[in-house]
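Participant: Could you have a look at this structure, given as structure tokens, before my questions?
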């Protein structure tokens, strides 16, 4: 009852229910109308905004075919969008996009800034392009192109088991100017049969001849290498048009700024007629494939500005080869080189040993004869017959000691410069090292100070060369056609070929120490053992310096190589200058070392100054004039024939140095600024050695041993051979990298050495034989008293 009463009381009567229902429906209708009105207003506002935006920024969207040539117009304040649908069959396809603005004269009033912007992307790679281009010559170019890296097969699959999905290549073009821009767009797909290059043990080479390339139509290749430790790309062309050979990894953006950073496969080489790109085993193992491109530069200024102007669309004919070089096992060259340098030393050692053996045997024979002759009778009590006189004989090594008043004034004045004799140091284990320490004169020369400074500078240079932002292919002037990499060294063979200088320097030091007992206090020329050892040490340092230079040959690194050559030449002249007058003063050698170090420092700082050449010319002629004046004063009062010879030397020295000065001061391109001091030292060393030999043999009729003759003949032969290799240029850092690369040549010996390496080897032999000639030249004067030596 209660429940039924409550329920029935909660329901309205039949008339009240109809009124309640109508009121409720009116409220719902009212709310619906308001909602519709509000939504309609919002839709109207959105529609108005969209139409306003569409009027402000209209889009033009078109679908293109895979390969198409499109002539279109870009309207003011608009964006043109083009797309291509790609499927799984388009994987690994390389596209080239080319744009050209038509009727550029109508757009010449918009200045040199670019106003046409294009962006291309396929989801994996994207490139941008701006027109017009402003070249260094000031010319504006209204055409350009880009290469888009391809999509990979996995880009068309969501999972491995799913079906392939489509991808898109989208091109958007817009401009900032309020004017219509007619343009032409060309989309080109590269031929897979040419684009893909596969090298293997069965197919180790491929050559594509007479390929046409220009600024907007580059060549592109993807190289897949299987079971090959290394490979090489070689490009040759009869045209001198400036171009670039670029290699990148498959994952690297071709137009990224990081391309110049230190990545193993990222390489950029500018070239004109030749370019060689070598990939070592380490580089190949890091990437399964390498992309190689050949671009023609917009102008030729990047290759040395050898052509002021040319047509942008001018074609360049090239031949490109891909091949696997011979094995990287260079054991034959690396082993045969040091062995060949030990052969002349063994011959020289045998000559020294035999000569000492004969001298010792002769000395013993003379001693026995003297002992027999000095006894006047077998009996100690025997007396001389009347009229007989005792007979005394002396060996040829015994010479009368000159009286103190007969010694020359020059010798007396220089006694304080002579090093005091050190007590002998007994050492049966290290006789050679003991000999070095006995020669106290070596300690006067600044080898210990110079060598650490040089090593520190060389280390800093290597760090700079190996920095991440260093494009070693452009700043290092290697012979890339004969470059054999090893580790961090791009051309190890050019470094290793300097081992001959070190071996010859060490062998010369051993020869000098084995012969140091030939000097006498009373007879023969003055001792130069200390200076000879110093020359040998500097020859070893020359090997280190030249090796550092060939890590990255250029005009900056050239400063490492040449100071030791100049110091060697000057020390040789210093040796022959004083060898008949006095023991060499260490102050002279110190002055020479400091002089050339300061000279190279000044030249390095002033290489961009116009007057540096003329200051060097004045400095050279001042040194020559000082040397000539001192020579004439030293020889004043001696034999007339010596004075005539000195005058002839002075005249020839002044004339030849003047010709050299005229050559590099007037003809600026004849000799590079950094090479002037080197040529000057070589010239004066040759002049003085020739003068010394001429005075000794022709004027004073002194003897020259057959050994010295043979050393001189071998020296001349190897110098002629070395010069023939030296003039055969394979690189030239006075030119641009591209023009220097055109001089590159393949290896000529053992598939390891080129002409410059052969210059290192043959010149090392030539220096060794020349030093042996100089050090044995005055052996015939060993028994001549010092005070009667011919002085010249």
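Cβ from N, Cα, C; glycine included.
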Participant: Pick from 255-279, 280-304, 305-329, 330-354: which stretch is listed in TrEMBL under transmembrane segment?
Facilitator: 330-354
Participant: For the annotation transmembrane segment in TrEMBL, which listed range does it cover: 495-514, 735-754?
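Facilitator: Spelled out, TrEMBL records transmembrane segment over residues 495-514, not the other listed ranges.
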Participant: Between the candidate ranges 221-249, 366-394, 395-423, where does TrEMBL place the region 'Disordered' annotation?
Facilitator: 395-423
Participant: Looking only at the recorded stretches 495-514, 556-574, 609-628, 758-777, which one has the largest tally of CB-CB distances under 8 Å to the transmembrane segment (707-727)?
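Facilitator: The stretch with the most close Cβ contacts to the transmembrane segment (707-727) is 758-777.
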Participant: By a Cβ-Cβ criterion of under 8 Å, what residues six or more beyond either terminus of the transmembrane segment (495-514) are in contact with it?
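Facilitator: Residues 333-334, 337-338, 341-342, 344-345, 348-349, 352, 432, 435-436, 489, 529, 532-533, 535-544, 546-547, 550-551, 753, 756-758, 760-761, 764-765, 767-768, 771-772, 775 contact the transmembrane segment (495-514) from elsewhere in the chain.
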Participant: Residues of the same chain, at least six outside the transmembrane segment (330-354), with any C-beta under 8 angstroms of its C-beta?
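Facilitator: Here the qualifying positions are 484, 493, 496-497, 499-500, 503-504, 507, 510-511, 514-515, 707, 714, 749-753, 761, 764-765, 768-769, 772.
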Participant: With pairs closer than 6 in sequence left out, are the transmembrane segment (526-550) and the transmembrane segment (609-628) joined by 3 or more CB pairs under 8 Å?
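Facilitator: Judged by the Cβ rule, the two regions do not touch, with the required three close pairs absent.
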Participant: Are there residues at least 6 beyond the ends of the transmembrane segment (556-574) whose Cβ is under 8 Å from a Cβ of it, and what are they?
Facilitator: 454, 457-458, 461, 531, 534-535, 538-539, 541-542, 545-546, 548-549, 584, 588-589, 592-593, 596-597, 600, 603-604, 674-675, 677-678, 681-682, 684-685, 688-689, 733, 767, 771, 774
Participant: Counting Cβ pairs under 8 Å to the transmembrane segment (676-695), which of 526-550, 586-603, 649-670 comes out on top?
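Facilitator: Highest pair count goes to 649-670.
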Participant: Please report, as numbers and ranges, the same-chain residues at least 6 past the borders of the transmembrane segment (649-670) whose CB is under 8 Å from any CB of it.
Facilitator: 613-614, 616-617, 620-621, 624-625, 627-628, 631-632, 676, 679-680, 683-684, 687-688, 691
